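Notes follow once the structure below has been shown.
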Amino acid sequence: MAKQIQKEIQAGVESWISLGNRRPHLSIILVGDNPASHTYVRKKIRAASAVGICSEIILKPKDVSQEELLDITDQLNMDPRVSGILVQLPLPDHVDERTVCNGIAPEKDVDGFHIVNVGRLCLDQHSLIPATASAVWEIIKRTGIETFGKNVVVAGRSKNVGMPIAMLLHTDGEHERPGGDATVTIAHRYTPKEQLKTHTQLADIIIVAAGIPKLLTSDMVKEGAAVIDVGINYVHDPVTGKTKLVGDVDFEESGHQPMVYPSSSIMVLNETKHTGTQAYCLSLVLKKKKEETPRTLVLQYIVGTEARIRNRRENTLLSSQVVIPAVPARDGASREEVWLSM
């Protein structure tokens with residue numbers, strides 16, 4: 001399944017370029033020397049290259065300031081080359097991850113962590129979706145697992161994995177962003193094991209993303225249920241004496257085989273491909289405004305052929321259509337958010 005999705009993304013990229021458009025470009029901000037983070041980023045770079053997406057790593061030391069990271073996201077937001085931006089998590093303790101993720105323009109936020117994308121996901125509207133949740137959704141759709149009216153248990157409530165998975169599964173299948181019309185129960189690390197077992201034994205679909213090894217065992221799963229394991233845990237292997245990667249399901253005991261086919265890296269590239277048209281719209285906006293105003297513009301949103309921009313230096317309107325009043329800027333200046341018709 002992963003190879004098929006990879007081929008589809010590659011075909012989409014080449015089709016986009018054949019129309020005379022710029023090749024999609026993914027910028028990854030990597031902070032510090034965490035070995036796992038560096039491994040994940042290398043995999044994303046290789047995956048991007050395989051489907052024809054340009055990519056770059058912006059490497060910063062672990063003592064980088066939050067302000068410097070926000071300056072970097074501002075620059076990437078403005079760069080018409082850049083289709084998608086990704087900040088590799090976790091960040092050092094002195095940096096607020098939510099603030100940095102919200103510093104990325106929503107339409108370039110391929111991880112789907114920006115508050116605008118999270119809000120649109122909750123409202124069943126089209127948005128960029130967190131990669132792991134998107135991978136789980138693709139598994140369910142492509143394998144033909146029925147969700148309508150089914151009982152689903154999602155073990156894990158993280159804002160980046162468990163919650164978006166639950167949102168995709170329980171929402172209305174006829175909304176702007178169709179959901180699975182399932183009845184979803186969300187469990188977490190404080191759900192008593194016996195209570196969790198009661199729910200999973202009734203579930204038609206179980207998605208495990210709690211980060212707890214051997215959380216799900218065979219006696220907790222009914223016959224015919226679909227089990228999708230997206231847990232990531234590093235444990236000591238007593239046989240080899242080395243650390244190994246395992247999920248949350250004890251497959252040896254459960255009798256189920258893992259069902260995670262497309263990797264989250266591939267789904268990030270899928271989102272990067274989709275942002276390519278929006279990055280092209282940005283370049284048109286900047287070109288159009290170049291002779292009209294000397295002020296510095298920072299991209300806020302791009303939707304279709306319209307763009308919302310910010311004037312970071314003063315309260316001067318750049319369009320007669322005001323979306324919201326002026327609000328304090330991060331650097332202390334004031335700014336307006338306005339719509340520009342192309």
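Even glycines carry a Cβ here, placed using N, Cα and C.
Any TrEMBL annotation is an automated prediction that lacks curation.
Positions annotated as domain 'Tetrahydrofolate dehydrogenase/cyclohydrolase catalytic' by TrEMBL: 1-111.
Taken from TrEMBL, the feature domain 'Tetrahydrofolate dehydrogenase/cyclohydrolase NAD(P)-binding' applies to 130-254. Counting residues of the domain 'Tetrahydrofolate dehydrogenase/cyclohydrolase NAD(P)-binding' (130-254) by DSSP class, helix then strand then coil, yields 36 helix, 28 strand, 61 coil.
Across the domain 'Tetrahydrofolate dehydrogenase/cyclohydrolase catalytic' (1-111), DSSP assigns 55 helix, 19 strand, 37 coil. Regional average pLDDT for the domain 'Tetrahydrofolate dehydrogenase/cyclohydrolase NAD(P)-binding' (130-254) in the model is 91.
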